[in-house]
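Take a look at the structure below.
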């Protein structure tokens, strides 16, 4: 068991070492990426600045066909501030007078990289620019991509863009909320509602009117993108096959079909309800009705109250009937400015009677109320199925006079300008690196040269895990309990299983049974004697059986000799010498019997011999062939 816990402790140390080594490798990876950016930057011929991390920034340049790009690194050329007012709004806030600035990020700054920053709070902002060339929705995809950083987090406000519809009367100085647009895309947040808008205006081919179509909300949680104060990359991809994708940081967060995944649908239904159809007066929609044959029982009393006084209740002892529950405050004093003519007679404020605090109660005692067992309430007839039920009425369907079918909603109105028309309760919203193109590779390369560099700097400046935990605990103090438990648990387990503990008596007894130890010579001799005793008992038992068999054989032999002697005596008279021989034979037989009896007595004496008696003897008894038997006596321990 102790061996297993040793391995556990060793495993914990190995895991800690691997974790530390992994952190070192991540740091090395960041250094390698920084060096790669250095190499690419050194190859460029443009002016560039160097950050404290050794990262060299250069203004991104498109690598393919584009319809619009903006990095805000140079002069803010081509952008027009709106000079109009917002309609249906108070005059004091209707004007688009929100301030814009071009500046670097506050945190994770990349020297030389600047962006467009919304600076004002609780004001309307509007700024726009013409595209390099208009985008026509035909056979090429539309890719819109830009960066946003909510540097002060966000309470209520948006950071979406509008792609303005091409028209002859488009004037960017009068860009406002009613200016026609084709697509609106980007983040928006107010309260706890986090949105990522994708709205396109679809033209009704019959009426010529435009309707807004909203893509369904993404299924992912967008909260972190608004609160982490990092720069995030927003991308919209529209394809000629009438599908769309929305990406954040080059990860798809929503996708679908322009025909099926927008609200309301692009194509109206083929049939609609007849607005002139009305429900008949005798139409019965009731699935259940009261049973008309039911009769109220005679013992049903509707006048019984639901609550009655408890007749078994008894006034508690010590109840103060003469004491009021509230008394005037004896410490209260009439204010000096109290005017009895204006304010009336002054009375001290009421406070709870201090005598009632130690008593069960004060004032007039009233019996408590309890549920009335005889209460039944108002009688109602039971409900039964309505035999005249006709179902829920609905108007009849008629062909939709406004029905049309647009199988390619991707073919939208041509786009010729981009604009930001925003209201925000939070300042310092950062925009950068706009691009509109048709090739995903061009957009990805543009992102790598701009947003990728910001992401690298943010990762390098990321605080350590310990700092992040402290910051989280400042916002949520209950996390301290979790931290303490997380640290105390492994320490406690390590002390419990790895620290040497005092051995108990049970452990010592267990070790005595398992571990071999030297045995003293006396104990060894004693155990050897016990083993020899067992062997002797077994041998003696075998010898007893053998002696019994020999005795039986000798008796049979003796009886046979006597029988033969008698037979020979009948055949011839015995002579004197023969008589002596017979006597000798009898003496021999008696001697033989004595030998047999002595042998048995010797065996018995071996069983009851003392510890110190050791002898060996051979006793021979003859049967027909004179077989020799021997018994070996050994030292026997006396119990």
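Using the three backbone atoms N, Cα and C, a Cβ is placed for every residue, glycine included.
What TrEMBL says about a protein is an automatic prediction, not a curated fact.
From a predicted model like this one, the values you see are computed outputs, not experimental measurements.
Look at TrEMBL and you will find 1-20 tagged as signal peptide.
Annotated disulfide bond per TrEMBL: 156-190, in sequence order. All protein chains included, residue 190 (disulfide bond) registers 15 other Cβ atoms within 10 Å of its own Cβ.
For 259-339 (among others), the entry in TrEMBL reads region 'Disordered'.
Annotated transmembrane segment per TrEMBL: 478-499, in sequence order.
Residues or ranges marked as region 'Disordered' by TrEMBL: 524-639 (among others).
Annotated compositional bias 'Acidic residues' per TrEMBL: 529-548 (among others), in sequence order.
The compositional bias 'Acidic residues' annotation in TrEMBL covers 577-592 (among others).
The compositional bias 'Basic residues' feature in TrEMBL is assigned to 630-639.
The Cβ of residue 156 (disulfide bond) lies under 8 Å from the Cβ of 189, 190, 191, 424, 425, 426, each of which sits 6+ residues away along the same chain.
Assigned with DSSP, the residues of the region 'Disordered' (259-339) fall into helix, strand and coil as follows: 0 helix, 15 strand, 66 coil.
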